[in-house]
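Feature annotations, reproduced from TrEMBL:
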type	residues	note
BINDING	A:130, A:191, A:214	NAD(+) binding site
BINDING	A:237, A:259, A:262, A:328, A:361, A:415, A:420	substrate binding site
BINDING	A:259, A:262, A:361, A:420	Zn(2+) binding site
ACT_SITE	A:327	active site, proton acceptor
ACT_SITE	A:328	active site, proton acceptor
């Protein structure tokens with residue numbers, strides 16, 4: 001049974017702290033294996049990648065066979081139902097349009113001392129996108145990871161996707177075509193991450209790697225960080241629904257299950273001010289679970305990690321929401337904007353009764369790659385900013401250097417860094 | 001002697017690749033020690049922090065003694081020379097003014113389908129700033145790390161600074177006062193990082209930790225990443241000067257030495273189209289080294305890691321610069337903006353002959369915490385964005401959900417996620 005807490009219980013704080021501290025990560029010790037794989041790929045390039053692909057994906061390929069050709073993508077696109085292709089295209093267009101607005105402006109100005117200052121943004125030159133194989137091979141994730149990179153202006157966008165037993169989801173290739181991926185390789189695991197980070201004879205290295213993966217992929221990303229940039233390490237999915245008693249319990253139940261069905265260690269939480277409504281949501285969950293194909297996964301997640309928190313008044317909700325800092329937050333109330341105003345930490349906020357979280361997973365436009373495991377306290381969802389970087393710009397004239405130089409010299413000398421001071425003083429004839 | 005390469009040499013590419021691959025990090029294996037320290041602080045809180053402080057900093061304090069009081073800060077400020085205080089205040093004012101411009105705008109709009117979309121930025125609630133003790137205890141770094149956090153709106157800004165043998169740099173406390181730090185603790189090392197990340201009886205946990213430190217601090221930051229956000233792991237300082245033959249060689253020599261004096265493993269590189277000028281720079285370096293107090297460090301850095309690259313024409317420079325992706329880039333030429341236009345990867349660009357890098361270390365305004373070790377290919381210097389995070393906002397009406405919902409349902413079903421589809425369909429009476 002899911003955890004049930006009421007804010008009026010004497011031991012509420014203890015229970016809530018326990019809820020926050022629930023461990024949902026598998027602590028598989030894969031790091032040593034991953035270190036070996038990376039070392040092998042660095043030392044032996046293509047040959048090592050092909051060997052691991054043979055071993056882990058049961059796919060016997062040579063270096064040339066790693067490449068997914070244009071013809072293969074053409075064939076995959078042709079195999080996809082036209083209606084589904086249209087849905088993918090609609091999603092891509094909406095994601096592109098939202099992310100277009102994220103592109104920040106450059107800045108350049110001359111300040112009161114005559115110093116010219118500013119910054120400019122430039123794209124990462126090459127980015128790699130990891131796409132899981134098998135069951136979790138989601139075309140929507142291809143769009144969500146690739147489109148911000150294209151909007152940012154990344155010149156070379158490389159996708160890797162393992163094809164265990166030579167099985168490839170054609171929708172993934174169709175999404176890659178729609179998103180404008182430049183190169184695709186049928187490799188996965190730590191060996192694919194190593195190939196992207198360090199390059200092989202066939203695969204040129206990239207500067208940044210994004211995309212979700214299993215424990216091996218996550219460990220490999222951590223290890224190559226520094227050599228390349230990485231996105232966040234994604235944890236299991238989460239949803240927090242704040243709902244009053246005026247909602248249809250079966251709607252809220254569907255929303256809670258939509259995240260629960262991702263993974264037995266996903267987490268769905270309901271905060272409500274109506275204990276009777278909470279009971280009706282539980283009943284609706286039981287009912288939905290009777291017919292949902294992924295009832296086993298969703299049921300396990302709800303049973304092991306689900307929670308219902310009853311408060312006296314929804315004004316008590318924001319403080320609890322901030323402590324949870326959920327990946328996805330639904331505010332199913334009459335005035336969701338007012339409630340949102342008091343909340344600080346959430347990856348994405350779904351406002352009102354007609355905004356199920358799943359609409360954001362596919363077609364709303366904002367990114368579905370969002371901070372998990374309370375990291376919304378300090379990080380944002382994936383976006384254009386993840387594929388661009390800022391260079392600051394400074395330009396002094398002899399006059400403006402003379403104005404601000406003395407303070408720099410004084411501070412440099414106070415820090416015992418005389419060459420710093422010298423480099424300023426020598427231009428000011430202050431030697 | 002520093003490396004000398006000429007682009008016309010037959011083995012130039014080999015030499016340049018070797019230059020790019022130079023290992024300048026000390027690979028001290030401190031990770032196991034750090035893991036123990038973090039575990040001890042998590043288990044025993046203040047008591048463990050005080051024990052490690054006693055052991056590593058030779059400072060016998062209890063929990064209460066960790067706190068640096070307002071009176072101590074008052075006394076430190078009073079002890080600082082008024083002129084130096086003014087220089088710090090000028091620096092702070094200029095840093096604040098530059099970072100004020102970095103604050104991004106929120107966004108909210110209704111698109112053609114009637115879906116309301118947008119995002120909003122909110123500050124991290126609490127941030128911790130690590131300040132090294134001893135020699136590398138730089139007041140300028142306090143300003144550079146703390147002011148962007150204050151501009152971002154961080155409510156609680158905590159500084160930790162070790163005071164080995166009870167020695168504290170009063171300028172660091174003065175900078176903390178000027179920057180608006182809220183709490184200061186006289187602790188350092190992995191134990192301070194653990195205290196900030198997990199909290200103790202005395203120190204409430206923070207959400208993000210920034211600031212430079214030794215190998216123990218860096219390893220501790222890597223370990224607590226996820227529990228809290230961290231800034232980049234800073235490597236040794238670097239400067240790349242692109243200069244034509246019209247520069248004063250002693251100016252360029254001073255600039256190269258200004259980074260070399262930081263650390264024997266710092267790296268200074270000159271790219272020039274004038275071999276005779278390169279020789280004059282080397283002579284000027286030798287001359288400066290005769291008088292500079294930190295000649296031993298600067299000389300070792302220049303000898304072991306310095307490099308001079310002679311090209312035929314400065315139009316060849318941008319491609320080389322991008323491969324180096326330097327932390328600091330000086331363009332000492334007549335039209336630095338034109339040259340900068342062709343360069344993609346650099347942490348900060350210092351334009352023209354009158355803009356020594358050191359002016360950016362102290363008073364120009366842009367941040368001096370910048371990406372090292374070629375990470376300017378994929379990351380930016382510290383700024384306001386490091387202390388805020390974005391929540392995406394989505395709000396559908398029954399009508400707009402009906403418009404975009406079918407595509408979401410189709411994609412959800414194609415991914416085998418029926419509860420996702422259900423949560424949309426159930427609101428559209430499409431069941």
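Every residue gets a Cβ built from N, Cα and C, even glycine.
Keep in mind the model is a prediction, meaning the values are calculated, not measured.
Distribution of TrEMBL features across the structure.
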| residue | record | Cβ contacts under 8 Å, 6 or more apart |
| --- | --- | --- |
| A:130 | NAD(+) binding site | A:160, A:161, A:188, A:192, A:193, A:196, A:209, A:210, A:211, A:212, A:213, A:217, A:221 |
| A:191 | NAD(+) binding site | A:37, A:40, A:41, A:48, A:49, A:52, A:53, A:56 |
| A:214 | NAD(+) binding site | A:132, A:189 |
| A:237 | substrate binding site | A:259, A:262, A:263, A:266, A:267, A:327, A:328, A:372 |
| A:361 | substrate binding site | A:140, A:368 |
| A:415 | substrate binding site | none |
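Among the residues A:237, A:259, A:262, A:328, A:361, A:415, A:420 said to bind substrate, no two Cα atoms are farther apart than 55 Å. The Cβ centroid of A:130, A:191, A:214 marks the NAD(+) site; residues of that chain outside this set whose Cβ lies within 8 Å of it are A:132, A:160, A:162, A:188, A:189, A:190, A:192, A:193, A:213, A:216, A:217, A:220, given in sequence order. Fewest Cβ neighbours within 10 Å among the binding-site residues A:262, A:420: that distinction goes to A:262.
Under DSSP, residue A:259 (substrate binding site) is assigned to a helix (H, G or I) in the three-state scheme. Those binding-site residues from the list A:130, A:214, A:237, A:361, A:415, A:420 that have a Cβ under 8 Å from chain B Cβ atoms: A:361, A:415, A:420. In terms of local Cβ density within 10 Å, A:259 ranks first among the recorded positions A:259, A:327, A:328. Taking every pair among A:130, A:191, A:214, the residues listed as contacting NAD(+), the largest Cα to Cα separation comes to 13 Å.
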